[in-house]
Amino acid sequence: MFPLGGFAVNRFYYEWVKVGVIEFSLTRLKAEQRRRYSPWLAAMGNSCSNFGIPAGNGPNPVGCTDLMMDHTVKGSFFRLYYPCQETEKAEKPDWVPCKEYFNGLGDFMKINRRLSEQIFKYLFGSYKIPAFLDAPYKPDGKRPVVIFSHGLGAFRTLYSAICAELASQGFIVASVEHRDQSASATYFFREKTESEMAKETLAKTSTSTDNTLVEDWMYYRALQQGEREFPLRNSQVKLRADECIQALNKLIEINSGAAVQNALKTQFDWTTLENSMDLCRIAVMGHSFGGATVIESLCKEVKFKCGIALDAWMFPLDDEIFPRVKQPIFFINSEKFQWAGNISRMKKLDSTVIQRKMITIRGTVHQSFPDFTFLTGNCIGKLLKLKGEIDPELAIDLCNKATLAFLQRHLGLEMNFDQWDPLIEGEDDNLIKGTNVVLLQSSI
């Protein structure tokens, strides 16, 4: 098993994909073939299914928008989730923003692009983010801030259930899209060449506000044959932390009233965020590779007052940073993913002075945190390890409530999230305090 943010990839999965490629091409299915495969498609999840990403449970409706400050690869790119005003006009954006992300997922899983685009578009293309695109911000004093880091092979929209829940509870959340080549796909803009300018009338409409720019897509970088993994992942986690800090700094600028130069075409009024954020109450959160990014970010930036690491993959981190992390950390793990060596690295962050907590959610798998877990049927979901034995909405609810309680405790919030304090200690039938992994002395 490989620790991914969007999918569990293993030998069995590739065998399943090969069977699907041989037997199933959506571009060639006739009506009778669609009827023949309809039970399989229903089990997988498709536009006719009853699946969907759960909306936030808090008192606020949720808005979202995208920000790309500095159109180059060195700029900051994130999706912002925020409490919004009630509106009838705003629409919910597509969960997967465009076909290039389907292509990236196909590349990541080593499936032919043309085929993967058709399959993913059919299965997942109808799903929407549980937030209103560019809806007006809802002012209500200064709000706490969370920076979210996605896992390996994911991108900024794949954790919308978690981000929307936090926003519904009053947080401003920036879900970063990393450009370290760990995302399955991302993009920036470059200047058009003369030939591209000449063909401009034939080209598709740009997503940029500047018609002299063109999208430049960056896809997942696979490990090369014979290449050592640690140097690559270690360099990536350092860049990821820098991107989280950069996103935070952009929010600080926006909060101060600085003019926003967004390279993307959006309708959101960024001036409404002036003085909206409580810059003394900032946390960092992430899943898998994003969990390692949490630790690296805490080490690099003291403005982050605490961190929540969801099923963290600790491999990319240098041992030397562990004693330099001074903020509280909450590890929320799945039951099926962790192993002794990874847990032992988490244990290196234990402290008698700084609160470090760990719980494990029973019946969960590594993919119980991203949105894919809500969008597949039970059989196929378990087959591909996108679902565990526990109901996915119950699992994410436990995760979110424990997160909110931890954030209230360590950001000093005056909310009612302390009602879920027992979850931090693993006090629930569906939780394990600490870990289910047996640690031998040699692994500690």
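Each Cβ is built from the backbone N, Cα and C atoms, and glycine gets one as well.
Unlike curated records, TrEMBL annotations are generated automatically.
Annotated features, as they stand in TrEMBL:
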ACT_SITE  Ser288  active site, nucleophile
ACT_SITE  Asp311  active site, charge relay system
ACT_SITE  His366  active site, charge relay system
Cβ neighbour count within 10 Å of Ser288 (active site, nucleophile): 28
Cα distance (Å, whole number) from Asp311 (active site, charge relay system) to the residue listed as 'active site, nucleophile': 5
Cα-Cα distance linking His366 (active site, charge relay system) and Asp311 (active site, charge relay system), given in Å to the nearest integer: 7
Cβ atoms near Asp311 (active site, charge relay system) (within 10 Å, other residues, all chains): 30
